[in-house]
Amino acid sequence: MMLLTCMLFLLSLSSATDWNKIAKDSLKSAIKRDINTNVAKNIILFIGDGMGMSTITASRIYKGQKQGRPGEETVLKFEEFPHVALSKVYGVDRQVPDSAQTATALMGGVKTNVKVLGYTEDVKTDNCSTESITKRVYTILDHFQNAGRGTGIVTTARLTHATPAAAYAHTSQRNWENDNDMIKAGVTGDCTDIAYQLVNDNYDIQVAMGGGRRNFLPNTTFDPEYDRLGKRQDGIDLIERWKEMQSARNRSHQYVWNNQQFDSINPKTTDYVLGLFENSHMQYEVDRNRSSNGEPSISEMTGKAINILKRNTNGFFLMVEGGRIDHAHHDTNGALALEETLAFEEAISTALEMTDKRETLIIVTADHSHVFTIGGYNNRGNDILGLVDPFDAEPTLDGMPYTTLSYGNGPGTNFTAGRQNLSDIDTKSFDYVQQSAVPLKYETHSGEDVPIFASGPVSYLIHGVQEQHYVAHVMQYAACVGDYANDFTTKLQSNPVCSAFLSNDKQHYVYEYL
């Protein structure tokens, strides 16, 4: 009998997960890891807007469950990156930041005030009179352009929205996306709107793709896709102006607004692209129109951008934003947020397949997180979009079931009627709105640290717990641009990156912007 018991015990061990092997394989990989000290020819910054740690965890489980597995053991592509850090996301004047502050930090290298884009903290929110060229922040995109390298922006939000705008714009109010926004706000002075700045001041950006046609069209011109007029009151068609400015410089260029036109872009012969695929934000991935009149995915836009930019032999910088992760969270729609995160991950996979890790630094991070939680004492493999099971592990005081995913605040609560009984509700629907503790019109950001994942040249500098603006300095240093530029045109791989920064016997080269 004892022999039989021992045999059954050994059999159970052999069929169980070999946790020791999993750990040892990870350890071997870490021990064999090479440190890449090359200069970064290319940099791709992926910003998952609102993609905090709870979103990443829930998304990996969701991905695994879609593939028929329990889910918890799944690894997202960027979680395989060798170097990880935490980013402190607070702003100069906010414990919990907005996306203008955070994106300015990530790309500009300084923290600033709420809703301010591309300026130091000396510029006050909503205050055009405090704006000044001497207070401008110059971004990693600026530094690459001044070094003769290619630049691009891809987003699923409006191109004039906070995160993409932080790459190129300077304004004391992120909401001034078109001149009508400024007129309604009673703005006086020489300040200009974000769409105007993109076309008139940043026509050297090679690839700019996202949504937001309404901010580029006059209020007398109908959108090509919808029965809606543009927003601009100055009568300027900024799309036509962009085309004129590229033609005046004899540049091969193309403006596109749907899939058919997007597919017609030849990246071997087209140097400049403006893609505006929606009147406002681009569609959620689950709603995306894939027909010829529809719009490309974030992965497809990323691939097209890389194919265009990599023709620059000096290298390129590309910022890719998964903007609608954030929007889904603000509406407390967890399922949509997870789908957007997986679409974002696919774009990262595309970039990895198309670039060489020896010369391309890829950083994946979030600008901030959300009050989004994963709770309940669930059984392993419990549907991440479903109800907590087993319910009796910690029964609710009202006796009604609740979902694994929920929010600390937001629109998902009927304040007067009390908590909804979810017994017969399809919580896996993309239309389902998660319950929230505090009733608000829109859910808010949260203030906890967010992860940074890095792969490629000097990615080992992504370590520990860092201030968010540190990321911009790592990118500058990796590519030897901006504050870390030097006079080395060629470098041996054995040399440290940006050796002029590490030794004081070389004169730093500083770009003249003014």
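Cβ atoms here come from the backbone N, Cα and C positions, even for glycine.
Curation does not apply to TrEMBL; its annotations are automatic.
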Quiz item: Since TrEMBL lists ASP49, HIS161, THR163 for Mg(2+), which candidate among GLU300, GLU321, GLU339, GLU340 does it give for that site as well?
Solution: GLU321
Exercise. Quick one: pull the CA-CA distance for SER99 (active site, phosphoserine intermediate) versus THR163 (Mg(2+) binding site), whole Å only.
Key: 6
Quiz item: Using an 8 Å cut-off from the Cβ centroid of ASP49, ASP326, HIS330, ASP367, HIS368, HIS445, can you name the remaining same-chain residues around the Zn(2+) site, in sequence order?
Solution: GLY50, ASP98, SER99, THR102, ILE325, HIS329, ALA366, SER369, HIS370
Practice problem: Please work out the number of neighbouring Cβ atoms within 10 Å of the Cβ of GLU321 (Mg(2+) binding site), leaving out its own Cβ. | Solution: 31
Quiz prompt | Neighbouring C-beta atoms (10 Å sphere around the C-beta of ASP367 (Zn(2+) binding site)) | solution = 30
Quiz prompt | Neighbouring binding-site residues, C-alpha within 10 angstroms of ASP49 (Zn(2+) binding site) - of HIS161, THR163, GLU321 | solution = THR163, GLU321
